Amino acid sequence: MSRSPVWLCTSHFLFLSLFVLPLVIASGGDDEVRVRERRQAEKTAKEKVDFKSLTIEELCKDRRTNEFFRLTTDGDCRDVVRCDRAGLTGKIRLAGVRCPNGLAFDVDRQTCDWKAKVSNCDRLEKPRKPLPKLVTNEPICPENELSCGDGECIARELFCDEKPDCRDGSDENACTVDQDPNAAPKCDRSQCILPDCFCSADGTQIPGNLEPSQVPQMVTITFSGAVNVDNIGLFDEIFDGSRQNPNGCQTRGTFFVSHKYTNYSAVQELHRKGHEIAVFSVTSKEDENYWTGGSYDDWLAEMAGSRLIIERFANITDNSVIGVRAPYLRVGGNKQFEMMADQLFVYDASITAPLGRVPIWPYTLYFRMPHSCHGNGQNCPSRSHPVWEMVFNELDRRDDPTFDEKLPGCHFVDSCTNIQTGEQFGRLLRHNLNRHLSTNHAPLGLHFHASWLQSNKEFKSELQKFMTEMLNRNDVYFVSMLQVIQWMQNPTELTAIRDFQEWKEKCDVKGNPFCSLPNPCPVTTRELPGETLRLFTCMECPKNYPWILDPTGDGLI
């Protein structure tokens, strides 16, 4: 394939009415001390004020229903509430949540975390940003212009371009998929035609309008992270060549490879055997905000840089590294997808769809996402992009779906925290496959970190048992992400799938690895001072350890 300063919150208005001090601009000496003392007194007063004196209606005015906030800064930072409309009457109430012992609630990230990592226990809520006036009873601005929060009118196209143009900055504060005034349109089947474009109103429609019984049930097994001696044996056992798809071809997986500690000779061997190699970033930085708010250049360096490293040191020359997965599934909004389109990446596999009765098929982002932007703090793309989204359908993790109450879904299999035994794992696999088989046969994604499968021998054997059992059905295929896209671009009925040529490439690979003794290159880089890392490759050793500013290892500029 060719590579064709902001007001923070309502409570601050309370602070002003309760504790107001004149501002003195002083040039030195005692005056400076008094100014500092007054500012400290203001800060101390603010920290003591809470929301308890406000009515529920006041607390919830203009607040999103999924936003958690505190009623007080006293206590252990574990308790938060959100606004909830109860029942048919729509009466507003507060729904409380408490983090487990040892954890605190981070109001910026909207999640529980270790208390040492939470630095905003003195704040009641996320910063409140001014919003534009996008919908009004009477027009405020001329045609093709929209109103900022302060009433200033600017051109529509300046909204949500990641550059503040309003005086109050409000043009960049309402830019979600549902708010962006320049968002991609909703699906128009007359304008979205395969093989280049696929969409449906709710995301559940089958490509080619085939009947579910005529659709091969595709299952994608993917791994994210480094490929090295710790997990190569696991991959060899799962894909040992003894299990074949009903068309006679070996089962395939997709490996989203992160750079540090990866053995590129092993990546080269996975590629030779017909598995798909995709990118998972160079640095895998732990700061989730780095990915969510990443610039175009950040995503370029991380993902295009990762592809460059893989292609050079795993000797992949067929332009087949076309997929991206964001670390921690923290999508980078429009900037990520602009970069992907410019660099001719074909698909992203990072966006999660909430657990629903009918799973969602992958789709292209020429049109608007057919589901909500699921998860706290996510930054889904709102604009139109020529990129496929290999959407995560959340897994139903109930141990007994016929009896257990509903639980939130999980995305990576290892995030299904209630799975403790091989027997439970097996039930999860079979139940979720049956959900897909009994509805629209959308591809089932089983996404792993290798360490989880290695943590319990039962898990690995249960996965192998599941694969063997399902392959005996003759309608289940374990394929790569790319193979799913190939089928969707040319929907082929189950009766003719054995001759589907796109799945015949590297059908049954035989032969030996390209090299049995890869070069164990001990290399360093100024980007990681004090570290000497071994880069295993069948290619020539680089001068430096490849990293974000020097992906080829030829030397920093």
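For all residues, glycine too, the Cβ spot is worked out from N, Cα and C.
Note that the structure is a prediction, hence the values are computed from the model and not measured.
Listed features, source TrEMBL:
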type	residues	note
DISULFID	C141-C153	disulfide bond
DISULFID	C148-C166	disulfide bond
DISULFID	C160-C175	disulfide bond
DOMAIN	57-123	domain 'Chitin-binding type-2'
SIGNAL	1-26	signal peptide
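Everything TrEMBL records as a feature, shown here on the structure.
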| residue | record | Cβ contacts under 8 Å, 6 or more apart |
| --- | --- | --- |
| C141 | disulfide bond | S147, C153 |
| C148 | disulfide bond | P130, P132, K133, I154, C166, R167, D168, S170, D171 |
| C160 | disulfide bond | D171, E172, A174, C175, D180, P181, N182, N334, S382 |
Candidate with sparsest Cβ neighbourhood (10 Å radius) among C153, C166, C175, the listed disulfide-bonded residues: C153
Residues of the domain 'Chitin-binding type-2' (57-123) by DSSP state, where helix covers H, G and I: 7 helix, 25 strand, 35 coil
